[in-house]
Structure formats: structure tokens, C-alpha cells
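Right, one structure below, let's go through it.
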Amino acid sequence: MSPDNKLLPKRIILVRHGESEGNLDTAAYTTTPDHKIQLTDSGLLQAQEAGARLHALISSNSSSPEWRVYFYVSPYDRTRSTLREIGRSFSRRRVIGVREECRIREQDFGNFQVKERMRATKKVRERFGRFFYRFPEGESAADVFDRVSSFLESLWRDIDMNRLHINPNHELNFVIVSHGLTSRVFLMKWFKWTVEQFEALNNPGNSEIRVMELGQGGDYSLAIHHTEEELEKWGLSPEMIADQKWRVNAHKGEWKEDCKWYFGDFFDHLTDDSDKECETDQAIEEDEEEEKKVNLLTDSEDNSKEELCNGKCC
């Protein structure tokens with residue numbers, strides 16, 4: 001790894017909370033505020049297992065024994081409880097710190113939810129589009145995108161200013177314990193996916209882990225830790241998977257010019273007509289030269305007439 005990348009986190013890991021009472025029975029939202037929904041017994045166990053998987057993953061590199069973890073967590077009870085169970089797998093010296101971060105909370109669906117009304121509302125969302133549909137008294141995924149974008153700016157400032165006081169010899173890992181839609185929006189923002197690509201993504205399962213790992217060139221990729229089959233299961237298209245594979249060895253700051261969703265989708269009517277374009281440019285240049293010659297002759301004639309006129313007047 002180059003010196004410029006030493007202070008970058010080796011991994012940024014997204015973890016969805018364990019199974020909650022709301023996942024088990026949506027009627028829970030009719031009497032309990034969303035942020036107060038608790039984990040089930042199965043959800044607590046899932047969170048403990050996620051902690052064991054995280055520890056095994058982070059400690060797997062024998063060449064970097066001095067690794068550390070920094071946690072960001074949504075303020076909802078179910079995410080806080082998930083982190084508490086995850087924490088059982090880590091010793092105190094391995095954890096740099098924990099920050100409760102309100103901007104990575106769940107999408108707001110309104111206040112107490114009436115079951116039948118919410119079912120009808122979600123049907124309307126499917127027709128309208130999951131990204132732009134705003135729940136009555138709540139948020140759209142686009143609103144979540146805005147606050148996740150703000151969170152990412154803060155995240156990068158923490159890294160750039162070394163606010164985490166990370167020892168350059170320590171391998172740093174960020175773990176973000178959040179929610180399904182918020183995690184998808186985070187990946188959308190990070191990898192610059194389009195709204196259409198977001199609409200095709202599937203929600204992570206309870207306590208599922210999605211790992212963005214730093215490649216040799218300083219870019220992050222999902223394809224280092226995860227298989228192509230996993231990425232397909234998440235809803236990534238072949239173009240998106242190819243982009244993740246490219247990022248494994250890409251150098252930070254490079255840009256893949258053939259990203260279909262940033263060129264082909266908008267300029268698909270264009271063909272490779274570089275030769276014609278050169279011919280056109282050459283023709284334009286020739287016309288401009290000819291026009292200059294005509295202007296010079298015209299100016300010369302006008303000057304001659306003026307001199308003749310002046311001579312007669314004398």
C-alpha cells in the first residue's frame with residue numbers, strides 16, 4: 001500500500017441490525033415508535049454471530065496484527081442493541097471509539113403506522129418508484145440520500161484531519177451499524193450509482209455484512225471480499241459488477257471512462273465517428289481560411305477606392 005493510503009480505513013463495513021419485532025410483525029409499528037422497536041431473541045443471536053464474523057474478517061490478515069475498529073451506529077434501539085451484541089467479540093483495546101450518528105437512521109415512515117394504510121401506501125410506492133416516493137409525514141429514499149451524503153462528508157473530514165488519532169501502523173476498520181435502505185443509499189452515494197440502479201437493489205438481510213475493502217491502488221471495492229454471485233444476489237447489474245472488479249486494482253482518482261450509466265445512457269445515439277469529426281473540423285478550418293482571404297481582398301479593394309477618392313478630391 002502506498003504511503004498516501006496508510007491513514008485510510010482498510011475496510012468500511014455496513015451491517016444491518018438483527019431481526020426486530022417490526023420485521024417479525026409489522027403490527028408492532030402501530031403501537032411502538034419506530035425508533036423504539038426492539039430486537040427479537042433471534043435478532044440478538046444474529047447480532048452476536050455478526051460480531052464473530054466481523055472479528056474473524058478483520059483479524060484474518062496476519063501481516064497486520066495491530067488492527068483497530070471504529071463504530072458508527074444509528075440511534076434506533078435495534079441498531080444500538082445490535083452493536084452491543086457485536087461488541088462482545090472485541091476487546092477494549094481494539095475499539096478506537098463509537099459514535100452515535102443520527103444521519104444514518106432508518107427512513108422515516110411517519111409516526112405510528114396504521115397497518116392497512118401502510119400496506120396501501122407501499123403499493124403506491126411501487127407504482128411511483130421507491131427512490132422518489134415520500135411517505136406521508138415521512139421521508140423518501142431521496143431524502144435519506146441527502147443526509148447520508150452529509151454524513152459521508154463528515155466521515156471524510158474525520159479521515160483527512162486524523163480526528164480518530166489513528167496510529168499509521170494500525171490497520172483501521174470502520175463498521176457502520178445501520179438499516180437496510182440506509183445501507184443501500186450509502187453504497188449508491190459512494191459508488192455513484194443511478195436511481196435506476198438503486199431501484200434494482202435488494203435489501204440486506206438482518207445482521208448481513210457488506211464489506212467495502214481498500215484495493216492496492218487506493219480505491220474501494222465490494223468485489224474483494226464478496227463473490228460475483230453475492231453481488232448478483234444483491235441486485236448489481238453486470239456493468240456494476242464489472243465496475244467493482246475494476247476498482248480492485250484501480251488507482252485512487254482514476255475514472256472508468258466506459259461506465260455505461262455515465263455515458264452510454266445519455267449519448268447512445270452517437271457512433272464512433274472520430275474520422276468524420278476530423279474531416280468536419282478540417283472542412284470548418286478550410287472555410288474559415290477562405291473567409292479570411294475574402295475579407296482581406298475586400299478590405300484591400302475598399303482601401304484602394306478610398307485612396308482613389310481622396311486623390312480626386314485633391
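Cβ atoms here come from the backbone N, Cα and C positions, even for glycine.
Just so it is clear, the model here is predicted, and its values are computed rather than measured.
Taken from TrEMBL, the feature substrate binding site covers Arg16, His17, Gly18, Glu19, Ser20, Glu21, Gly22, Asn23, Arg78. Residues or ranges marked as active site, tele-phosphohistidine intermediate in TrEMBL: His17. According to TrEMBL, the feature active site, proton donor/acceptor maps to Glu106. The region 'Disordered' annotation in TrEMBL covers 277-304. The compositional bias 'Acidic residues' annotation in TrEMBL covers 280-290.
Here Arg78 (substrate binding site) is positioned 6 angstrom away from His17 (active site, tele-phosphohistidine intermediate), judged by their C-alpha atoms. Around the Cβ of Gly18 (substrate binding site), a 10 Å sphere holds 29 further Cβ atoms from the protein chains shown.
Of all the Cβ atoms in the protein chains shown, 28 others lie within 10 Å of the Cβ of Arg78 (substrate binding site). Across the residues annotated as binding substrate (Arg16, His17, Gly18, Glu19, Ser20, Glu21, Gly22, Asn23, Arg78), the two Cα atoms farthest apart lie 15 Å from each other. Long-range neighbours of Gly22 (substrate binding site) (same chain, six or more residues apart, CB within less than 8 Å of its CB): Ala28, Tyr29, Thr32, Asp34, Ile37. Cβ atoms within 8 Å of the centroid of the Cβ atoms of Arg16, His17, Gly18, Glu19, Ser20, Glu21, Gly22, Asn23, Arg78 (the substrate site) belong to the same-chain residues Leu24, Ile37, Leu39, Thr40, Gly43, Thr82, Asn206, site residues excluded. Around the Cβ of Arg16 (substrate binding site), 27 further Cβ atoms fall within 10 Å across all displayed protein chains. For Glu106 (active site, proton donor/acceptor), the nearest of the binding-site residues Arg16, Gly18, Ser20 in terms of C-alpha separation is Arg16.
Long-range C-beta contacts of Ser20 (substrate binding site), restricted to its own chain and to partners at least six residues apart, with a cutoff below 8 Å, comprise Ala28, Ile37, Gln38, Leu39, Thr40, Gly43, Arg78, Asn206. A simple way to gauge crowding: the CB of Glu106 (active site, proton donor/acceptor) has 22 other CB atoms within 10 angstroms, across all the protein chains here.
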